[in-house]
Amino acid sequence: MPVKIPDHLPAAGILESENIFVMSETRAANQDIRPMKVLILNLMPNKIETETQLLRLLGNTPLQVDVDLLRIHDKESKHTSIDHMNTFYRDFEDVRHKNYDGLIITGAPLGQIDFEEVTYWDHIREIIDWSQQHVTSVLFLCWAAHAGLYHLYGLNRKILQQKRSGVFVHRRTCQHFPLLRGFDDEFFAPHSRFAEMDIEELKQHPELQVLAESDEAGAYLVLSRNNRNLFVMGHPEYQKSTLNDEYHRDLAQGLNPNVPQNYYRNDDPQADAIARWHSHGSLLVSNWLNYYVYQLTPYDLSDMTAMTPWESQ
C-alpha cells in the first residue's frame with residue numbers, strides 16, 4: 001500500500017526514484033475504497049488444491065478481496081466432486097454480464113497439445129476476449145500465459161524435448177516498474193511445463209515488455225504495455241509439495257521424468273524439498289493486486305472506461 005505524504009514534500013522525488021509508492025494527500029483524499037472483485041478461472045485438475053494456493057496469496061494482501069470461481073461449463077472435473085463444483089463454481093453465462101477488478105487464469109495440464117486441439121479452446125478464447133473489456137487486469141499463469149500470448153498477440157510456443165521442472169533463479173530486466181517493487185535483484189520461482197516462448201520474439205513485440213527472465217527457464221514475467229495483461233510463465237502459487245507430487249505422478253505413469261532442478265536438497269529426490277519462492281510469489285500477487293488492479297480500477301465497475309493505465313515505461 002502507498003505511503004501518504006504531504007503535497008510537494010521533498011522526499012517524494014527521492015522515494016519515487018527508488019520505485020517506492022508514495023501518494024500525495026490530494027490524491028489520497030480522492031480515493032474511494034471498496035472490496036476488490038476477482039474472478040478465478042481454475043483449469044487445474046485438483047480444483048481444491050489450486051483454490052487454496054491462490055487464495056493463500058490473495059489473502060496475504062492488505063486489501064479485501066471478493067472471489068468468484070469460474071469453470072468451463074461442459075468440462076467434467078475428474079478430480080473434484082460434482083457437488084463441490086456445483087456449490088462453489090459459476091458458469092461463464094452467470095458472469096459474462098459483470099465486470100471484475102481482476103481475473104486469474106490458471107495453468108492446465110495440457111502439455112504438448114496444440115491450442116486449437118484443446119477441446120474447450122473456443123471457451124478459453126471467448127473468456128479472454130471478454131476479459132479485455134470487462135476486467136481491469138488479467139493474470140495468466142503458465143499454460144494460460146502461453147495461451148493468452150498466442151490468442152492476443154499471435155505468438156506461438158516451442159515444445160520442449162523434456163519437461164522443464166524445477167526452481168530457477170530469475171532476474172529483473174527492468175527497474176522502475178510497480179510490479180517489481182520490493183523484488184530482489186535475483187529471486188526464485190518454480191516452473192513445470194512442456195513448452196516455452198521465444199524470448200526474443202517477446203522482447204521485439206511492440207505491445208509487450210519482458211520484466212523478468214531466467215538463463216535456464218527463459219522469459220518469466222511479461223506485461224502488456226496497456227497494463228491489462230500480465231503473463232507469468234511459471235507457478236509462483238505452488239506450495240512446497242507440488243513439484244514433488246507432480247514428479248511422483250509422472251513416475252507412476254511411466255513418463256520417466258527428470259528430477260525437478262534445484263528443488264530437493266542436494267538434488268536428491270529422496271531428500272526434503274526446499275521452498276525458495278514463497279516470499280516472491282506473495283510479493284508478486286500483492287503488487288499485481290495493488291498496482292494493476294486496485295490503483296487502476298474504477299470505483300464503479302460498470303464504467304471500465306474510467307480505468308487510468310500507468311504510463312508506459
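For all residues, glycine too, the Cβ spot is worked out from N, Cα and C.
Model, not experiment: these values are computed from the prediction.
Noted in Swiss-Prot for the protein shown:
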SITE      Gly111  site 'Important for acyl-CoA specificity'
ACT_SITE  Cys142  active site, acyl-thioester intermediate
BINDING   Lys163, Ser192, Arg249  substrate binding site
SITE      Ser192  site 'Important for substrate specificity'
ACT_SITE  His235  active site, proton acceptor
ACT_SITE  Glu237  active site
Excluding Lys163, Ser192, Arg249 themselves, the substrate site's Cβ centre has within 8 Å the residues Ser165, Leu243, Glu246, Tyr247, Asp250, Pro257
The rounded CA-CA distance in Å from Gly111 (site 'Important for acyl-CoA specificity') to Arg249 (substrate binding site) is 14
Per DSSP (three-state), Arg249 (substrate binding site) is helix
Mapped onto three states, the DSSP assignment of Lys163 (substrate binding site) reads strand
Judged by other C-beta atoms within 10 Å of its C-beta, the most isolated of the recorded positions Lys163, His235, Arg249 is Arg249
Rounding to whole Å, the Cα atoms of Lys163 (substrate binding site) and His235 (active site, proton acceptor) are apart by 14
For Cys142 (active site, acyl-thioester intermediate), the nonlocal same-chain Cβ neighbours (under 8 Å, six or more residues apart) come out as Thr106, Gly107, His191, Ser192, Arg193, Val232, Met233, Gly234, His235
Taking every pair from Lys163, Ser192, Arg249, which the record gives as binding substrate, the longest CA to CA distance in angstrom is 14
Listed in sequence order, the residues of the same chain lying six or more positions from the residue listed as 'active site' whose CB sits under 8 Å from its CB are Thr50, Gln53, Leu54, Arg56, Leu57, Leu141, Gly281, Val285
